[in-house]
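Colleague: Could you have a look at this structure, given as structure tokens, before my questions?
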Amino acid sequence: MSTYTRPVMLLLSGLLLLTLAIAVLNTLVPLWLAQEHMSTWQVGVVSSSYFTGNLVGTLLTGYVIKRIGFNRSYYLASFIFAAGCAGLGLMIGFWSWLAWRFVAGVGCAMIWVVVESALMCSGTSRNRGRLLAAYMMVYYVGTFLGQLLVSKVSTELMSVLPWVTGLTLAGILPLLFTRVLNQQAENHDSTSITSMLKLRQARLGVNGCIISGIVLGSLYGLMPLYLNHKGVSNASIGFWMAVLVSAGILGQWPIGRLADKFGRLLVLRVQVFVVILGSIAMLSQAAMAPALFILGAAGFTLYPVAMAWACEKVEHHQLVAMNQALLLSYTVGSLLGPSFTAMLMQNFSDNLLFIMIASVSFIYLLMLLRNAGHTPKPVAHV
């Protein structure tokens, strides 16, 4: 049986369009807020509102999928995100945008959970690794193309919202031509997310997803603002964000291979150390291009390696619950990161963005160095 079946290809095609819309908004919303003369802490709170929506969406989607299936859940998630996009144009203000970004966050998280769960149920233990790799490549390619779009098109609010909303709705079209079945829904008793979070042997993976959420949430939410305060134009900000994301794309395959060959614990240690080096390089302002590249290559690949570490510790039928728990952990980190970092930037210096990233990475590195064990043979390849 082919790994990349027709439902899988159509699902990933729709995801690509949705990711383009998500990337454009994640870059431009902080800039639009800054243009409305909102303070740095307000920008951070709006970013955190989006990730709060991610948290709520992650918790709700399992129930939604069980009730209405993958296809309808995907349609519903897309409509919710489209509403969050269009709502930004109804009223410009801190409180209204706080609400609409929350709505967009719910829709975005639902899209992620639906797609990831559909891929998990479509695959087997032999091809889930390839499916997950394809998923992450599509996600990062869509994000990269979204950053390039920002550098090429008008970034005015009312110019962007119509086509971004249309792009979101277009992401529904591929799934109209196929049906994604949940063939494994009744094969095993459901596993709770809480039990996965409490699993002692998977703690390094869970902690890694939290740290990854803090790092990427801060970069996505506050990096455009950091560059804006440095006098970088909106078009150039899109370019530099594309550099950051392209490094993450290029790093996926080689880092995954290295983790398989040398063990995920060793690779995680090296990755976190490189994130610290990249943050220090950004603070030195010596060469932003290579600094952003190594920061993106190491930072954007933390989540899949940490996720693979945790998934090694569970049985085959627990993989979906574990992935939900890891996405929830990532979302919590994404929620905390921009909020606390924005407050530090507001009260002290914009450089606190990279000091914060380096600090939490150092804490995780200490956790990894304390682990003297070895990476066991995987229970399932995810």
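In case you wondered, yes, glycine gets a Cβ from its N, Cα and C as well.
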Colleague: Same side of the membrane for Arg6 and Phe70, as recorded in Swiss-Prot?
Modeller: yes
Colleague: State the non-local partners of the transmembrane segment (204-224) in its own chain: residues 6+ outside its ends, Cβ under 8 Å from one of its Cβ atoms.
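Modeller: Those are 26-28, 30-31, 43-44, 47-48, 50-51, 197, 237, 240-241, 244, 265, 268, 272, 275, 295, 299-300, 302-303, 305-311, 313, 325-327, 329-338, 341-342, 345, 353, 356-357, 360-361, 363-364, 367-368, 371, in sequence order.
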Colleague: Could you pull out which residues elsewhere in the chain have a CB under 8 Å from any CB of the topological domain 'Cytoplasmic' (66-78), counting only those six or more residues past its ends?
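Modeller: Residues 11, 14, 18, 57, 107-108, 110-111, 114-115, 117-118, 121, 168-169, 171-172, 175, 179-182, 185.
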Colleague: What parts of the chain pack near the transmembrane segment (79-99), using Cβ distances under 8 Å and only residues at least 6 beyond its ends?
Modeller: 18, 21-22, 25, 29, 32-33, 36, 38, 42, 45-46, 49, 53, 105-108, 110-111, 157-158, 161, 164-165, 168-169, 172
Colleague: Excluding the flanking five residues on each side, which residues at least 6 beyond the ends of the transmembrane segment (14-34) place their CB within less than 8 Å of a CB in that stretch?
Modeller: 42-43, 46-47, 50, 74, 78, 81, 85, 88, 92, 97, 101, 104, 108, 111, 115, 135, 138-139, 141-147, 149-150, 155, 157, 160, 164-165, 167-168, 170-175, 220-222, 224-225, 228, 234, 237-238, 241, 245
Colleague: Sort out the residues at least 6 away from either end of the topological domain 'Periplasmic' (152-156), same chain, that have Cβ-Cβ distances under 8 Å to it, and list them.
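Modeller: Distant contacts of the topological domain 'Periplasmic' (152-156): 28, 31, 234-235, 238.
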Colleague: Please list, for the topological domain 'Cytoplasmic' (256-269), how many residues fall into helix, strand and coil according to DSSP.
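Modeller: Its residues fall into 13 helix, 0 strand, 1 coil.
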